[in-house]
Amino acid sequence: GIGGAFQYGLQVSIINSPAEYIKSFIRETWLKRYGSSPSEEMITLMWSFIVSIYSIGGLLGSLSAGYMSVRFGRKKAMMFANIPALLSAALMGLSRLCGSFEMIIAGRFLSGVCGGLALNIHLMFAGECAPRNLRGLIAMTASTATAVGKFVGFALGLREVLGVDALWPILMAANMLPALVQLLTLPFFPDSPRYLLIDKKDKEGCI
(Lines of atoms letter the chains of each structure in order from A; the text may use other names.)
(Lines give C-alpha, C1' and ligand atoms only; values in the text may rest on other atoms or scores of the structure.)
Protein backbone atom coordinates (compact mmCIF):
# COMPACT_ATOMS: atom_id res chain seq x y z
CA GLY A 1 0.00 0.00 0.00
CA ILE A 2 2.92 2.40 0.58
CA GLY A 3 3.65 2.66 -3.12
CA GLY A 4 0.05 1.97 -4.14
CA ALA A 5 -3.04 3.72 -2.82
CA PHE A 6 -0.93 5.70 -0.32
CA GLN A 7 0.50 7.76 -3.21
CA TYR A 8 -3.00 8.67 -4.36
CA GLY A 9 -4.11 9.77 -0.88
CA LEU A 10 -0.93 11.76 -0.33
CA GLN A 11 -1.21 13.73 -3.57
CA VAL A 12 -4.91 14.48 -3.06
CA SER A 13 -4.30 16.15 0.32
CA ILE A 14 -0.78 17.56 0.02
CA ILE A 15 -1.73 20.26 -2.49
CA ASN A 16 -4.02 22.16 -0.10
CA SER A 17 -1.46 23.56 2.34
CA PRO A 18 1.00 25.33 -0.03
CA ALA A 19 -1.73 26.95 -2.17
CA GLU A 20 -0.95 30.57 -1.24
CA TYR A 21 2.81 30.02 -1.47
CA ILE A 22 2.54 28.51 -4.96
CA LYS A 23 0.29 31.38 -6.10
CA SER A 24 2.89 33.86 -4.80
CA PHE A 25 5.60 31.89 -6.64
CA ILE A 26 3.60 32.10 -9.89
CA ARG A 27 3.19 35.86 -9.36
CA GLU A 28 6.94 36.39 -8.69
CA THR A 29 8.02 34.21 -11.61
CA TRP A 30 5.64 35.97 -14.02
CA LEU A 31 6.90 39.38 -12.87
CA LYS A 32 10.55 38.40 -13.41
CA ARG A 33 9.87 36.99 -16.87
CA TYR A 34 7.51 39.54 -18.34
CA GLY A 35 8.09 42.63 -16.22
CA SER A 36 4.44 42.94 -15.19
CA SER A 37 2.26 41.32 -12.58
CA PRO A 38 -0.28 38.75 -13.81
CA SER A 39 -3.96 39.35 -13.20
CA GLU A 40 -5.71 37.52 -10.39
CA GLU A 41 -7.70 35.63 -13.03
CA MET A 42 -4.46 34.35 -14.60
CA ILE A 43 -3.08 33.23 -11.23
CA THR A 44 -6.36 31.46 -10.45
CA LEU A 45 -6.26 29.80 -13.88
CA MET A 46 -2.68 28.57 -13.37
CA TRP A 47 -3.51 27.31 -9.88
CA SER A 48 -6.63 25.52 -11.14
CA PHE A 49 -4.52 23.90 -13.84
CA ILE A 50 -1.95 22.71 -11.25
CA VAL A 51 -4.72 21.13 -9.15
CA SER A 52 -6.79 19.61 -11.98
CA ILE A 53 -4.00 18.21 -14.17
CA TYR A 54 -3.46 15.54 -11.50
CA SER A 55 -6.81 14.04 -12.58
CA ILE A 56 -5.77 14.03 -16.24
CA GLY A 57 -2.57 12.17 -15.32
CA GLY A 58 -4.64 9.83 -13.15
CA LEU A 59 -6.92 9.04 -16.09
CA LEU A 60 -3.94 8.23 -18.30
CA GLY A 61 -2.40 6.05 -15.56
CA SER A 62 -5.68 4.22 -14.96
CA LEU A 63 -6.13 3.50 -18.66
CA SER A 64 -2.57 2.11 -18.83
CA ALA A 65 -2.85 -0.05 -15.69
CA GLY A 66 -4.59 -3.00 -17.34
CA TYR A 67 -2.14 -3.23 -20.23
CA MET A 68 0.95 -2.85 -18.04
CA SER A 69 -0.20 -5.39 -15.46
CA VAL A 70 -0.67 -8.00 -18.20
CA ARG A 71 2.39 -7.05 -20.24
CA PHE A 72 4.88 -6.86 -17.37
CA GLY A 73 3.13 -8.52 -14.46
CA ARG A 74 1.62 -6.95 -11.36
CA LYS A 75 4.88 -6.61 -9.47
CA LYS A 76 6.90 -5.03 -12.30
CA ALA A 77 4.00 -2.73 -13.19
CA MET A 78 3.91 -1.52 -9.58
CA MET A 79 7.64 -0.86 -9.76
CA PHE A 80 7.24 1.06 -13.04
CA ALA A 81 4.61 3.24 -11.32
CA ASN A 82 7.38 4.63 -9.11
CA ILE A 83 9.25 6.12 -12.09
CA PRO A 84 6.70 8.93 -12.72
CA ALA A 85 6.54 9.41 -8.92
CA LEU A 86 10.29 10.04 -8.70
CA LEU A 87 10.25 12.27 -11.80
CA SER A 88 7.37 14.31 -10.39
CA ALA A 89 9.15 14.71 -7.04
CA ALA A 90 12.28 15.96 -8.82
CA LEU A 91 10.32 18.44 -10.98
CA MET A 92 8.24 19.88 -8.15
CA GLY A 93 11.11 19.89 -5.67
CA LEU A 94 13.37 21.84 -8.05
CA SER A 95 10.68 24.15 -9.47
CA ARG A 96 11.48 27.07 -7.16
CA LEU A 97 15.21 26.73 -7.69
CA CYS A 98 14.70 26.76 -11.46
CA GLY A 99 12.09 29.54 -11.34
CA SER A 100 9.51 27.54 -13.29
CA PHE A 101 5.91 27.01 -12.22
CA GLU A 102 5.51 24.87 -15.36
CA MET A 103 7.63 22.25 -13.60
CA ILE A 104 4.94 22.03 -10.91
CA ILE A 105 2.30 21.44 -13.60
CA ALA A 106 4.42 18.70 -15.22
CA GLY A 107 5.18 17.18 -11.82
CA ARG A 108 1.51 17.08 -10.84
CA PHE A 109 0.68 15.40 -14.15
CA LEU A 110 3.32 12.71 -13.57
CA SER A 111 2.21 12.17 -9.98
CA GLY A 112 -1.31 11.67 -11.36
CA VAL A 113 0.01 9.01 -13.76
CA CYS A 114 1.66 7.30 -10.77
CA GLY A 115 -1.55 7.52 -8.70
CA GLY A 116 -3.70 6.10 -11.50
CA LEU A 117 -1.34 3.19 -12.09
CA ALA A 118 -0.62 2.45 -8.43
CA LEU A 119 -4.20 2.58 -7.18
CA ASN A 120 -5.48 0.16 -9.82
CA ILE A 121 -2.57 -2.27 -9.77
CA HIS A 122 -2.46 -2.25 -5.95
CA LEU A 123 -6.03 -3.63 -5.81
CA MET A 124 -5.31 -6.21 -8.52
CA PHE A 125 -1.98 -7.35 -7.05
CA ALA A 126 -3.17 -7.55 -3.43
CA GLY A 127 -6.44 -9.31 -4.32
CA GLU A 128 -4.73 -11.94 -6.48
CA CYS A 129 -2.02 -12.70 -3.93
CA ALA A 130 -4.32 -12.91 -0.90
CA PRO A 131 -5.47 -16.28 0.48
CA ARG A 132 -9.19 -16.80 -0.06
CA ASN A 133 -10.08 -16.39 3.62
CA LEU A 134 -8.21 -13.06 3.82
CA ARG A 135 -9.13 -11.60 0.43
CA GLY A 136 -11.68 -9.11 1.76
CA LEU A 137 -9.34 -7.91 4.48
CA ILE A 138 -6.42 -7.54 2.06
CA ALA A 139 -8.60 -5.64 -0.43
CA MET A 140 -9.31 -3.14 2.36
CA THR A 141 -5.61 -2.18 2.37
CA ALA A 142 -6.32 0.09 -0.61
CA SER A 143 -8.82 2.26 1.26
CA THR A 144 -6.69 2.13 4.41
CA ALA A 145 -3.57 3.21 2.52
CA THR A 146 -5.55 6.03 0.83
CA ALA A 147 -6.76 7.30 4.21
CA VAL A 148 -3.25 7.10 5.70
CA GLY A 149 -1.87 8.94 2.66
CA LYS A 150 -4.41 11.75 3.11
CA PHE A 151 -3.58 11.99 6.80
CA VAL A 152 0.17 12.11 6.15
CA GLY A 153 -0.38 14.78 3.47
CA PHE A 154 -2.33 16.97 5.90
CA ALA A 155 0.22 16.36 8.68
CA LEU A 156 3.19 17.28 6.48
CA GLY A 157 1.36 20.43 5.41
CA LEU A 158 1.14 21.79 8.95
CA ARG A 159 3.09 25.00 9.57
CA GLU A 160 5.08 23.21 12.26
CA VAL A 161 6.30 20.64 9.70
CA LEU A 162 6.67 21.61 5.99
CA GLY A 163 3.75 24.01 5.49
CA VAL A 164 5.85 27.19 5.37
CA ASP A 165 7.03 29.35 2.49
CA ALA A 166 10.65 28.15 2.61
CA LEU A 167 9.79 24.43 2.61
CA TRP A 168 6.85 24.00 0.22
CA PRO A 169 9.05 22.52 -2.59
CA ILE A 170 10.15 19.78 -0.16
CA LEU A 171 6.50 19.20 0.77
CA MET A 172 5.57 18.82 -2.90
CA ALA A 173 8.43 16.32 -3.38
CA ALA A 174 7.38 14.16 -0.40
CA ASN A 175 6.04 11.42 -2.69
CA MET A 176 9.66 10.48 -3.40
CA LEU A 177 9.97 8.65 -0.04
CA PRO A 178 7.16 6.08 -0.50
CA ALA A 179 8.36 5.50 -4.08
CA LEU A 180 11.89 4.73 -2.85
CA VAL A 181 10.57 2.47 -0.08
CA GLN A 182 8.60 0.45 -2.61
CA LEU A 183 11.46 0.25 -5.10
CA LEU A 184 13.69 -1.18 -2.36
CA THR A 185 11.18 -3.66 -0.92
CA LEU A 186 8.93 -4.83 -3.79
CA PRO A 187 11.62 -6.93 -5.57
CA PHE A 188 11.45 -9.33 -2.59
CA PHE A 189 7.68 -9.88 -3.05
CA PRO A 190 6.28 -12.80 -5.09
CA ASP A 191 4.38 -12.13 -8.28
CA SER A 192 0.65 -12.72 -8.60
CA PRO A 193 -0.21 -16.45 -8.96
CA ARG A 194 -3.03 -15.55 -11.36
CA TYR A 195 -0.63 -13.64 -13.60
CA LEU A 196 1.89 -16.51 -13.55
CA LEU A 197 -0.73 -19.11 -14.48
CA ILE A 198 -2.98 -17.27 -16.95
CA ASP A 199 -0.62 -14.79 -18.62
CA LYS A 200 2.77 -16.55 -18.30
CA LYS A 201 1.48 -20.18 -18.44
CA ASP A 202 3.85 -20.94 -15.55
CA LYS A 203 1.88 -23.57 -13.61
CA GLU A 204 4.84 -24.53 -11.42
CA GLY A 205 5.56 -20.91 -10.50
CA CYS A 206 1.88 -20.35 -9.72
CA ILE A 207 1.75 -23.36 -7.37
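Placed from the backbone N, Cα and C atoms, the Cβ positions cover glycine too.
Look at TrEMBL and you will find 1-207 tagged as domain 'Major facilitator superfamily (MFS) profile'. According to TrEMBL, the transmembrane segment annotation covers 45-67, 79-97, 103-125, 137-158, 170-189.
As a whole-number mean, the pLDDT of the domain 'Major facilitator superfamily (MFS) profile' (1-207) in this prediction is 93. With a threshold of 8 Å between CB atoms, the same-chain residues lying at least 6 positions outside the transmembrane segment (137-158) that come near it are 1-2, 4-14, 16-18, 119, 122-123, 126-127, 129-130, 171, 174.
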